[in-house]
């Protein structure tokens, strides 16, 4: 179904003509998940996003559907259980997006190590138990020092004790958002990007009955009426709530900044994802991850109070991450000049909650007796000598023996909250990208109840555990063969097998729609046929309105294909200008915007300071 600039125009027109059941403010993963479930459940749904979809937090993650093994250091079992359960659901409803990737976790004999070899084995066994992983090759494996170095010979050898391998999943975060958005659009939701909420419409009792917004592309004010409004703006949640609390600061959110850096794979060669202690005795771990022909690593985790729209990578961030990777990979000698791209994102953490974080510091202490008892019980369970109930009981004993420490940025809860203010505004905040579906389900359960109680409207919530996102109509047990079948179809449209396979992996069950565009398109000047199809599909079916939307979020060109990016800039802008009938002034403005984003990602300013 078309999802284009014209779709946007019609959506804004219809939003101003209706009294929606639900208006969603925010088009990141949380808002996208709410929109999908609301529209599929029959609610008259609208969604506005002030930037591009996923432009804020949801395209700036570590790009994993992460199981959270790190939580098991302190036996935050409930968190890991929820996370791996939801990860399995995401695999079911978006099978073309998460891809299994065994993660290597080296263990070093040094102060502040997250795991000893023994604790790592216990944690991995518990992790597999919670994830339902029981058979090879997915099951975890303990490695000797020699086996770790055989896998990753460039790792630091000094102090290396061994390691482990466990199952994790890589993710395309921005694609997960847009596929949820597209499905919501197909089910009737009215959706528009680049529309900013500016204030609430209130009735005589100071209850919200809609939103005053501004179309940032035309600078026109828009009035949208809705029975209920939900705030899913992540780091901006407090700002939206502030509309009706003027003069009364709201501090529910405590954003932290996470930075990732990208270098060429030859500069930092890793054959598989690596998750390793920083070696700085700061209680933190970093990921070093291969993607395309690049390697990226991160993340930092620091409190943030700056510009929410444009968080920047600082010299301090770069120094920290380069220090870590050069310590763990001593022969790499990565410098700032090797950095090809980067991103800084804000985590929408909630204030006032303490828990351990998969990248974070130790937030609690487990007594030796509780730990030993849990270890013995898990071992007995694995040997079929004890029950799952016994494991659960031992886990509860560990949880009750845990004492909290003072919060640091990495120990703030990744938990979510769903609140309703006195004026009727719902706010769904916090959480991890893996939890988005469950968060939306909880919110919609409450919203549907309120619609019945306050407005006499009844809806049945869709079973979102089995409701695929756009592109996700693939058998989860047969993903590789179905993707390959789509790729074969692409070759019949004149694509090379490599290009067809790339597009099939990117678009899943929507790949035939992409290939069908060859009936009306030929390769644009300066672009391959595959690139031309991808660009036009993004413009007509994914509401890509700007070059940055295409290069950074509909594809990963700007992050992981930096070598070929420069050659694509002019042809893509030319094709978009032709498609959207841009004036010369608009075309120049779009190119300037793209080059500014590229300069930010390339760290041009920091590199220039060093040269100066």
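Using N, Cα and C of the backbone, Cβ positions are placed for all residues, glycine too.
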Which range is it, out of 398-418, 419-439, 440-460, that shows up in Swiss-Prot as region 'Disordered'?
398-418
Three-class DSSP secondary structure - residue 33 (FAD binding site):
helix
Among the binding-site residues listed here, 21, 49, which has the most company in the form of other Cβ atoms within 10 Å of its Cβ?
49
What three-state secondary structure does DSSP assign to residue 21 (FAD binding site)?
strand
